[in-house]
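Engineer: Below is the structure I would like to discuss, written out as structure tokens.
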Amino acid sequence: MSDPAEAERLLGDGQERRKVRRDLCAVCFMAALIVGAVIGLAAVWASLANVETLPKRSVILMISDGFGPTSQTFARTYNQHVNKLKYNYVSPLDEILVGSSRTRSSSSLVTDSAAGATAFACALKSYNGAIGVNPKKVPCGTVLESAKYLGLTTGLVVTSRITHATPASFSAHVVNRDMEADIAVQQIGDNPLGRQVDLMFGGGRCYFLPNHTEGSCRIDQRDLVKESNKQGYKYFATRKEFDDLEPGKDKLPLLGLFTLDHMSYEIDRDPAQEPSLKEMSEKALKFLDSATAKSDKGFFLMIEGSRIDMAAHSNDPATHVHDILAYHETIELVKKYVDEHPDTVMISVSDHETGGISLARQVDSDYPEYLWLPEILTRVKNSSFILSQGLVQYWNVDRENFIKNSIINYGLGIDNVKDYEINWLKEEHAQLEYEYYLANMTSIRAQIGWTTHGHTAVDVNLYAYGKDIEYLRGNHENIDIGDYIVDYLNLDLDTITSKLNNSDITVKEYLIIQLKYTEQEFTYIKPNMNKGW
């Protein structure tokens, strides 16, 4: 080959070859860009198609406040005795037991309800007393708020004050649970996120009334009933108004507050005045189902058997068991709803155990008999709380007869009262002292033991019903339940947390004011009521 230029071309060393290489690289680069774009668009289309085919999901979180494993055995056995059920009877909760939940807070091995509910709501550990804030007292986004942000409908159904620790932790952000007046303000929508709860049923009307109104618990003039109307709420307070509510005729948002304080214990409840937990839950499900019927979004509903806990604080076994059985009825209702709506999941869990109840008791120095006596509890007609109020108020000359006949024989169903018991009850004591004493009169005869009037640190049972609940099997930290709800509903708590802390008017500003409260002021605004923790 005599031509050097031709040799360079053929060997790839010449200018022409370099030009060809450049052109070829350019073509390959453009081809790669086009292929990448096509792949990217395909991924987007696939993602969009996947979003469109996602089922409409809902979560019903049921919280049995203060309800530990022994309380479940207690209620099952009592129900077997009263209704003559077989020894192998399985309760609505027994059927769906999947695991257990640990309950410690960030500040103590023994949690309170505020930290316990915040663990479920924010999926993080916080200190005892914290309502929707982290250990640094910074507001944290809740599963309810994130659900609302994503277009789901939301609801709270409780038998406590609606401003109490558990419902508050899903719908407000304060540094101390006693700030119920501030909680009420946030719940009706006066907060950086606006109205977040579409349906609220429970007690606690006193925190929604201005302080010049009889029965108010507020220290200011704000009328939150009127303010809730401006936020769009239909407000009601009577059984008749509740019964008259119908989806279609009435629309969300709804605010139903049936009592000034907590709603009545189930054993004391007047059905003509107050709906049951089951009835409130059934009405809530009807409204939430109707509101989401034509939507591709579901709902988040929290239902709490609040007064299970308060009866345990009093160590009142008969009252405790009646509220548990009311919770069982509600579980049965919700399970039926899940059966009819297979993309709905129900979770039932407790925030903690209360009372340290035991189904046996050392009643004297002799070696104990192996028994406890549910029959004793079937005779009880009222809670020790209600009966203790009678003792505080009745000081007529026939007080001893009143104690024997109205309180002990009729109210507690006790016919073998001791003289020392009568003598103690004749004396003047505080209402809570009477309440504890009466509850113990029942407990000791039924041979039921208690270790505390407070909470304990035991793990609590975890129940779940529906599909995709495998994650919940086994032993979990309580924050795992919040994480599960986040994953199931595809929520984003970080976005809500950012909105709470970075808006022009943030919850932090509320907290700065709240931090200035003194313990004396907390005591002043606290109502003198039967209160669970």
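Just so you know, glycine gets a Cβ as well, placed from its N, Cα and C.
Relevant sequence annotations retrieved from TrEMBL are reproduced here:
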| type | residues | note |
| --- | --- | --- |
| TRANSMEM | 24-48 | transmembrane segment |
| BINDING | D65, H164, T166, E304 | Mg(2+) binding site |
| BINDING | D65, D309, H313, D351, H352, H455 | Zn(2+) binding site |
| ACT_SITE | S113 | active site, phosphoserine intermediate |
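Can you walk me through where each of these features ends up in the structure?
Structural biologist: Using a 10 Å Cβ-Cβ cutoff, D309 (Zn(2+) binding site) registers 31 neighbours.
Just so you know, the Cβ of S113 (active site, phosphoserine intermediate) picks up 30 other Cβ atoms within 10 Å once every protein chain is counted.
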Engineer: How many other Cβ atoms are found within 10 Å of the Cβ atom of E304 (Mg(2+) binding site), counting all protein chains shown?
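Structural biologist: Excluding its own Cβ, E304 (Mg(2+) binding site) sees 28 Cβ atoms within 10 Å.
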Engineer: H455 (Zn(2+) binding site) has how many other Cβ neighbours within 10 Å of its own Cβ?
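Structural biologist: Neighbour count, Cβ to Cβ under the 10 Å cut-off: 27.
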Engineer: In whole Å, note down how far the CA of H352 (Zn(2+) binding site) lies from the CA of E304 (Mg(2+) binding site).
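Structural biologist: Answer for this pair: 13 Å between alpha carbons.
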Engineer: Quick check on the binding-site residues H164, H313, H352: which one has the highest count of other Cβ atoms within 10 Å of its Cβ?
Structural biologist: H164
Engineer: With Cβ-Cβ distance below 8 Å and at least 6 positions apart along the chain, what are the contacts of T166 (Mg(2+) binding site)? List them in sequence order.
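Structural biologist: In sequence order, the residues whose Cβ lies under 8 Å from that of T166 (Mg(2+) binding site) (at least 6 apart) are I63, D65, S113, G116, A117, V158, S160, M302, E304, S306, D351.
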Engineer: Can you give me the Cα-Cα distance between H455 (Zn(2+) binding site) and H164 (Mg(2+) binding site) in Å, rounded to a whole number?
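Structural biologist: Cα to Cα, H455 (Zn(2+) binding site) and H164 (Mg(2+) binding site) are separated by 17 Å.
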